[in-house]
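As recorded in TrEMBL, the features of this protein are as follows:
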BINDING   G16, S17, G18, K19, G20, T21, R129, K172  ATP binding site
BINDING   R42, K63, I64, V65, G90, F91, P92, R93, R133, R144  ribonucleoside 5'-phosphate binding site
BINDING   N97  CMP binding site
Amino acid sequence: MLQLRQASDFFSSGPGSGKGTQCANIVQHFGFTHLSAGDLLRAEIKSGSENGTMIQNMIKEGKIVPSEVTIKLLQKAIQESGNDKFLIDGFPRNEENRAAFEAVTKIEPEFVLFFDCSEEEMERRLLSRNQGREDDNIETIRKRFKVFLESSLPVIEYYNSKEKVRKIDAGKPVEEVFEAVKVIFTSNSEKATV
């Protein structure tokens, strides 16, 4: 069981909303360790492990990888980081992920950052980013949107009921979005020191 001084935040929003860009800014500005569930899963695929093959097949179908697989990868990354402040990007993806993560790690986020961005804008960004990712094609992108709406929005609603969601309009330019992010992180860190 992983026991940490809790200072973790979940970062959730649809694919292509700017999570990766803003996570890099948050890490640089606030000293968090960025843990991207997607990056950890892609690294596991590249490892050629049995888990990697299963993950690859699920991602191709636009499905959510089993919680225990992702949590194990996140726990390993948390333990290896040497930091006590984490920004967990792209997880939890559904209510079962959320409950399993909190039960296994005993970590509940201080807050959940939610980027509100239209499907049209996210699709445009994904198709233009050209990172060579297998899941950046129109068919898979639309499956990912559907999964996000059906599975991830209920997680946002759960945390919203606990007054932990901080919502940002992510359709704006990168710099404006980060100014809004800074306000949230600065006010949260001030509350933690009071």
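Cβ from N, Cα, C; glycine included.
Note that this is a predicted model, so its numbers are computed, not measured.
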Sequence order is fine: just name those binding-site residues in S17, G18, K19, R129, K172 with a Cα within 10 angstroms of G90 (ribonucleoside 5'-phosphate binding site).
K19
Which one is it, among the binding-site residues G16, K19, G20, N97, K172, that lies nearest to I64 (ribonucleoside 5'-phosphate binding site) by Cα separation?
N97
In Å, how large is the greatest distance between any two Cα atoms among G16, S17, G18, K19, G20, T21, R129, K172, the listed binders of ATP?
17
Entry from the binding-site residues list S17, T21, N97 having the most other CB atoms no farther than 10 A
S17
Just jot down the residues in the same chain as K172 (ATP binding site), at least 6 apart in sequence, with C-beta under 8 A of its C-beta; none if empty.
A180
When the binding-site residues G16, G18, G20, P92 are compared by other Cβ atoms within 10 Å, fewest goes to G20
Given a 10 Å Cβ-Cβ cut-off, pick out the one of the binding-site residues K19, R42, R129 that has the most other Cβ atoms nearby.
K19
